[in-house]
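Structure record follows, encoded as structure tokens.
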Ligand code: SF4
């Protein structure tokens, strides 16, 4: 049986960079503790470093704690905080600096670029529109650089409502709008929402800030799913990009399985036995060791 593993499966550049940094800092901390050093700061991540329970549990075992909110951060008096690839709003940096807490900023450079755009454009007097999911940490972070004059638009209904007249846009200067996007937003939907917003009376500049990593992973997954008899998508059940990958693969290949780890795959063994070619892909927050494990198991057992 042939196994086709997607080249883009797993961590994207920004996530890999952040996760590697957390593991490296945990390793260095252990080394210092083992050497008998005192007052070695605890390591915290602001929010789980990735949407993957396995990795978060593994890091917990290595002594990395997770701060879940700005309130929790405000209470921190010592320790070292790592900012994950999603990035954070300005208030988080303000709290860290005010309380003299050391930090490592692992905001993905592509997200950082959006923070810079939003800060610059809002300071220049523009109203900011972020196309994305308002509940996503990345969007909350971007919003945190836009001052008060900002809207997050995710759906057609919200875009149309905005066009009918936004009560927050009162004075002349508000006629200038800057639109950016969450890095993982669907490009076609972004284009569609921008088309609706362009019909307003406002002077709009549009910056497509969608990251190619997501698109490339989706395109490759769809391509492989079209060529195989069974497709395995590996990722955390809460990871939205893995859910999206699963949807895309399922459309192309009915025999598609969504698993978190190798344990979930065992249930499906019987169905996989009769297939000739299996494709494997994984979401942006799936660690390499899980992908390898699944791949090796499929190669050995089917
Ligand atoms: S998806 Fe793109 S923007 Fe987001 S963390 Fe990965 S590389 Fe950075």
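Just so you know, glycine gets a Cβ as well, placed from its N, Cα and C.
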Listed alongside 12, 108 for [4Fe-4S] cluster in TrEMBL, from 211, 249, 253, is 211
If we check Cα distances from residue 86 (isopentenyl diphosphate binding site), which of the recorded positions 12, 108, 138, 183, 211 wins as closest? 138
Close to ligand 1, in the sense of Cβ under 6 Å, among 136, 211, 285 as binding-site residues, are 211
From 51, 240, 285, the binding-site residues whose CA lies within 10 Å of that of residue 183 ((2E)-4-hydroxy-3-methylbut-2-enyl diphosphate binding site): none
Is residue 138 (active site, proton donor) helix, strand or coil when read with DSSP? helix
If you measure from the CA of residue 285 (isopentenyl diphosphate binding site) out to 10 Å, which recorded positions from the list 12, 138, 211 are inside that radius? 12
Recorded isopentenyl diphosphate binding residues, 51, 86, 136, 239, 240, 241, 285 - maximal Cα separation rounded to whole Å: 15
Other residues, Cβ within 8 Å of 51, 86, 136, 239, 240, 241, 285 Cβ centroid (isopentenyl diphosphate site): 50, 184, 238, 242, 283, 284
